[in-house]
There are 2 protein chains.
Amino acid sequence: MSAREPLRVALLGAGVVGGAVARHLTQRSGDMAARVGAPLEIVGIAVRRAGRDRSELGVDASLFTTDAEELVTRADLVVEVIGGIEPARSLILRAMAHGASVVTANKALLAEDGPRLYAAAAQHGVDLYYEAAVAGAIPLLRPLRESLAGDEVRKVLGIVNGTTNYVLDKMDTTGAGFQDAVEQAQALGYAEADPTADVEGFDAAAKAAILASLAFHTRVSGSDVYREGITEVSAADVAAAREMDCVVKLLAICERNDGGVSVRVHPAMIPRSHPLAGVREAFNAVFVEADAAGQLMFYGRGAGGEPTASAVLGDLVAVARHRVGGGLGPGESSYADLPILSMGDAQTRYHVSLDVADRPGVLSKVAAAFAAHDVSIETVRQQLVAADDGVTAAGGDGSARANLIIVTHTASDAALSATVESLRSLDVVRGVNSVMRVEGF
Amino acid sequence: MSAREPLRVALLGAGVVGGAVARHLTQRSGDMAARVGAPLEIVGIAVRRAGRDRSELGVDASLFTTDAEELVTRADLVVEVIGGIEPARSLILRAMAHGASVVTANKALLAEDGPRLYAAAAQHGVDLYYEAAVAGAIPLLRPLRESLAGDEVRKVLGIVNGTTNYVLDKMDTTGAGFQDAVEQAQALGYAEADPTADVEGFDAAAKAAILASLAFHTRVSGSDVYREGITEVSAADVAAAREMDCVVKLLAICERNDGGVSVRVHPAMIPRSHPLAGVREAFNAVFVEADAAGQLMFYGRGAGGEPTASAVLGDLVAVARHRVGGGLGPGESSYADLPILSMGDAQTRYHVSLDVADRPGVLSKVAAAFAAHDVSIETVRQQLVAADDGVTAAGGDGSARANLIIVTHTASDAALSATVESLRSLDVVRGVNSVMRVEGF
């Protein structure tokens, strides 16, 4: 594969996202070449000001240029992560006119002028991918455009702004008012010093326009979106929602009916049993209702340098593979043959419930059995077992009985299972009530 | 576009999924042709027994054939929904050898012999898509293979069997034992009369093998998967999980570490705060941890004729577009121009909190205001407002005050907002405390 000519990549922007993209392309170049079927070579990184120290990106200093207009004319693939309308729009149009495929994370530009860019891509026969613009790392472009291509999407409900979700989540869990919750979010870096674009719903409205375009394959721009922010949501509203067993979320809603398309952003109550209600803190999620597929939800991080870079890199691999002439994802024929580990090698945690005698020294014997297998204990809880008559149950030897519940730290399944075997043979252990693995912590 | 030659589609199987696929292809043929860029023509449907009445599929009776071997030699695209290892495997290999691209929903076959099929597809230069085999309607193939192509997947935790999730969910919410919960699931059609394949984890193990292959792009077969079912999970285990603020789920776990790949299926406790804990009833979900993207989750229906047909049709559109030579999803240039509805036309529901006088006739006047705008009320709740001194608060006219909370049925936003305006002018309404839209019911 490495016999193929490298594909020339131009990066527009070297901020948080651009820096992460550059780092991945540099540090994982062999891996990326295998996935694409040809090497990806960074031919230039356009920055606003030259001379700044960007050595942490691990990129040759000669690659930085302030002449983005020239750079896009000598690339096969252009990654635009500068944001804003201009010069991003002109540069993307220029890149496509010169035959380059484009990957962009620019939600403002797509919401303002997406159809013009899509038309230009079609006209020049190049790709324009923009997964990162919709909800950061959450894959939506391909699910909505390809996976559901044989279905009809009816409705999309999205939590697409992490700042407002964090604020509303804090209001719900702590009873805080709007202002207090915003200040908490600012202190933790989840909200900007001027949070207007988020709390007034402008960011969500831009994403709603892109989501509606994707879901219904029609032209929707940011100015078509009805918008209300969360500044008017009070602690009393959140409490009223709680009484209805609901939670308040800022939703981007795209709906298709016989009359046309409705696209709106506003706070709304949703039932706590709804999958979107469980979307906590600064996470995003998009809930989709389709005719045949029914209800689907996509959940993940909607912002941040690394998650956004993940989406940009996925798009970059896809458009690069189109250039090389490959099909779906990593080449079907280039299968790895990774070793399959046995269950004993799996790393997991155990919840063990023991029936023990309640006498001195029991815990130390039990703990010694774990230590002997190098298994570290996270928590131990002991409770006396009450007999049916209400008094403490006694074992055959007259001593009281107790239930010992142990949760371990991570260890190999083999060590954990050997520990349980040795517990069974301890005289202080009357029985092993249950053993269950614990995941997801 | 309709000037293009039709693509010949052969359907293997006319059961629940095959029937739904045939119906969609027939009833939505114009729409499918627009999405693909060429008509899709069913050239035959292979069935085991001829002569059965299948008129409800709306397909010409002459299309049914028992000669699947012949049928696959005269198709561009073959959809395999018969299931099982043979004759499905031979037919798929034969179809690919004759140059057809294949869409399959056959998890058993892919888990047993996937790498051989992928290699055959690569050898013959055709597509093999299998979205429906992994978790029904949930898009995973493209997210894992394309969207995350620039990232590294570390771990996949999946709830991939609806029957066992339904059983465990019932055990959690009602305290039922395993056997009772299985019987409930059987009564509701969520479990088969012989539930072995589900409750012993065989179905989940097959899907785990496919998931691991997708996520890590390596060869994993069903027999590589460590498997424990849920038959040993007791009401006491579920109660113990509850005490830890956890819930028990049957998880398909695929993990990559330096030593290789670990693939296993077993019941495990997960924290209630984990996104997978909220996956209720017979829904499926797949939780993914990737280096750059962080945590992602994909949620939806893992089984059923229509959801599975949605995934099959999405794949069919994709492989058909490859034949036609198109790129991502519906053609970039074929944008619809659906009308954008105004906010007033949006259909929604309101939660309205009113400050009212507590005297006879108030509710009827308020209800009349809703009725005058054709807005139907779902629930009304009235609560007396206590003053700071603990006695009932009184308004300026000496009458007691109350809080009236009204939730409406669905109506246009214009009607709802006109209703609220007219409420403001009612003499019995002292004030409108809050108005919030309600979504997701």
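Just so you know, glycine gets a Cβ as well, placed from its N, Cα and C.
As given in TrEMBL:
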ACT_SITE  A:Lys207  active site, proton donor
BINDING   A:Leu12, A:Gly13, A:Ala14, A:Gly15, A:Val16, A:Val17, A:Gly18, A:Gly19  NADP(+) binding site
BINDING   A:Lys107  NADPH binding site
BINDING   A:Glu192  L-homoserine binding site
DOMAIN    A:351-437  domain 'ACT'
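Locations of recorded TrEMBL features on the structure.
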residue	record	CB count, 10 Å
A:Leu12	NADP(+) binding site	27
A:Gly13	NADP(+) binding site	23
A:Ala14	NADP(+) binding site	22
A:Gly15	NADP(+) binding site	13
A:Val16	NADP(+) binding site	15
A:Val17	NADP(+) binding site	26
A:Gly18	NADP(+) binding site	26
A:Gly19	NADP(+) binding site	21
A:Lys107	NADPH binding site	23
A:Lys207	active site, proton donor	27
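Those residues of the chain, other than A:Leu12, A:Gly13, A:Ala14, A:Gly15, A:Val16, A:Val17, A:Gly18, A:Gly19, with a C-beta within 8 angstroms of the mean position of the NADP(+) site C-beta atoms are A:Leu11, A:Ala20, A:Val21, A:Ala22, A:Val81, A:Ile82. Break the domain 'ACT' (A:351-437) down by DSSP state and the numbers are 23 helix, 38 strand, 26 coil. A C-beta separation below 8 Å, combined with a sequence spacing of at least six in one chain, links the residue listed as 'L-homoserine binding site' to A:Thr163, A:Gln186, A:Asp198. Across the fold, the C-alpha of A:Gly13 (NADP(+) binding site) and the C-alpha of A:Lys207 (active site, proton donor) stand 21 Å from each other. DSSP assigns A:Leu12 (NADP(+) binding site) to a strand in the three-state reduction. When the Cα atoms are compared, A:Ala14 (NADP(+) binding site) and A:Lys207 (active site, proton donor) turn out to be 23 Å apart. Across the fold, the C-alpha of A:Gly18 (NADP(+) binding site) and the C-alpha of the residue listed as 'NADPH binding site' stand 15 Å from each other. Mean pLDDT for the domain 'ACT' (A:351-437) in the predicted structure: 86.
A:Lys207 (active site, proton donor) falls within a helix when secondary structure is assigned with DSSP. For the pair formed by A:Val17 (NADP(+) binding site) and A:Lys107 (NADPH binding site), distance between Cα atoms is given as 14 Å, rounded to the nearest Å. Following the DSSP three-state reduction, the secondary structure of the residue listed as 'L-homoserine binding site' is coil. Put simply, A:Lys207 is the one of the recorded positions A:Leu12, A:Gly19, A:Lys207 whose Cα lies nearest to the Cα of A:Lys107 (NADPH binding site).
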